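If you look up TrEMBL, you'll see 14-42 marked as region 'Disordered'. Among the features that TrEMBL reports, compositional bias 'Polar residues' is placed at 14-35. According to TrEMBL, the feature transmembrane segment maps to 49-72, 84-111, 132-160, 180-202, 209-231, 276-296, 316-334. Positions annotated as domain 'Amino acid permease/ SLC12A' by TrEMBL: 54-372.
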Amino acid sequence: MSERAPLLHYRLSTSVNESEQRPSPTGVTAAQSPVVSRRKTANNQPQKLSTFFGVVIPTLLSMFSVVVFLRIGFVVGQAGLYQAIGMFLVAYFIICMTVLSVCAISTNGALDAGGAYYMISRALGPEFGGSIGIMFFFANVCGSALFVLGLVEAIVATFGIPEDRTAAVLNASQVLPAGYWWSLLYGTVLLLLCLLVCLVGAHIYAKATFLIFIIVIVVLATVFISFFVVVPKAVHLPAPALNASGPSSANFTGFKLETLLDNLDAGYTVDYTTGIQMNFATVFAVMFNGCTGIMAGSNMSGDLKSPSASIPRGTITAVIFTFIVYNLLSLLLACSCDRVLLQRDYSFLREINVWRPLVTIGVYSSTLSAANEQPDRGVPESCTPWRGTTCSAKCCRRLRGLRLAVIPGRPCSFPGS
């Protein structure tokens, strides 16, 4: 069966059983056996991560990015509560289709390191996997740029010198110059720091993901608590760009029916930072960035105890949790915040929080975590023998698609190669 129907044999026999039953070839020791163990990673280390630590936490950190702290009010203020909920339904319908596809692929056989690229290559072949891998690359580039820009915006809002205030009213923390080129400089420095983390400190950062997750959850909890404990007050608004005129303050009203009724329908207006008229498409494009990041758990496939079971359960759990948080937060904002406050201040959550620095810490943690997301967690173990094998390139391509092990230093005997 193993010579005439290798794919059928692979489906019926797991790599664990093969490692226990198949004798080692002559001249190949047990440590050099090419059979892949489902309990080993590319570095021959035992896989330790459970569903929660390996899938749920990375996915939540990737989805809770700049939108949850800096743009959720913008979405509700521009689109209204009705359209905002409709946007979330459409966006989550799209990502649910992707999640179901990932679940189908991940449960269809054994998984090892390689992440989404490996799963797609195994299901559709290396040609499709390579082309889609290029799309994943550009998606990660654009996503990292978005998260870094969000972090720069939060830094400038906290430590930047506001253009509408004189030196007499500046506090001690406002020391950074603001402006387009300054923001570009700050973003470049942050990208270089992210590059250094990816090059030399990725393993240290990976160990800190649980701490970052705790910080983000605590900040979200304080945001929800603030709606109930903070008294109504006026919030100072930042100066609009392009010398536009507008109100200097808006109100956090607390829970009022009048506020909810005013925020139900859409009220698209000119964005105060860019001077561009907003519409459904632009607001949806901004909001959809908070629904991405669902592949973070799949990219951890090489570090999971049981990837075939952990990826579907963990990804679906994270998607449901973020959907509930986004919609609940939108409802609370619509009930307690003036529309002018939602439209004219992106960082208003900091102003109405029980402790202002907490939101700033949450923004820094979530954006840096999402910007440093690793698109690939390693390569499958069976990729290692391909570099040292004497089999033909055509055979290796077919073996890569079928996920079969190759014996190092021995010719490949794949039928039809």
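Positions of Cβ are set from backbone N, Cα and C atoms, glycine also.
When Cβ-Cβ distances under 8 Å to the transmembrane segment (209-231) are tallied for each of 49-72, 132-160, 316-334, the top count falls to 49-72. The listed stretches are 49-72, 84-111, 132-160, 276-296, 316-334; of these, 132-160 has the most Cβ pairs under 8 Å to the transmembrane segment (180-202). Mean pLDDT across the domain 'Amino acid permease/ SLC12A' (54-372) comes to 85 in this model. The transmembrane segment (132-160) makes no contact with the transmembrane segment (316-334): fewer than 3 of their CB pairs lie within 8 A, with pairs spaced 6 or more apart in sequence.
Remote same-chain partners of the transmembrane segment (49-72), defined as residues 6 or more beyond its termini with a Cβ less than 8 Å from a stretch Cβ, comprise 146-147, 149-151, 153-154, 209-210, 212-213, 216, 219-220, 286-287, 289-294, 296-297, 299-300, 303-305, 309-311, 313-315, 317-319, 321-322, 325-326, 329-330, 333, 346-347, 349, 359, 362-363, 366-367, 369-370, 373. Note on the transmembrane segment (276-296): residues 58-59, 61-68, 71-72, 74-75, 78-79, 83-84, 87-88, 90-92, 94-95, 98-99, 102, 115-116, 136, 139, 143, 146, 266, 268-270, 315, 318-319, 322, 326, 370, 373 of its chain, located 6 or more positions outside it, place their CB under 8 angstroms from a CB of the stretch.
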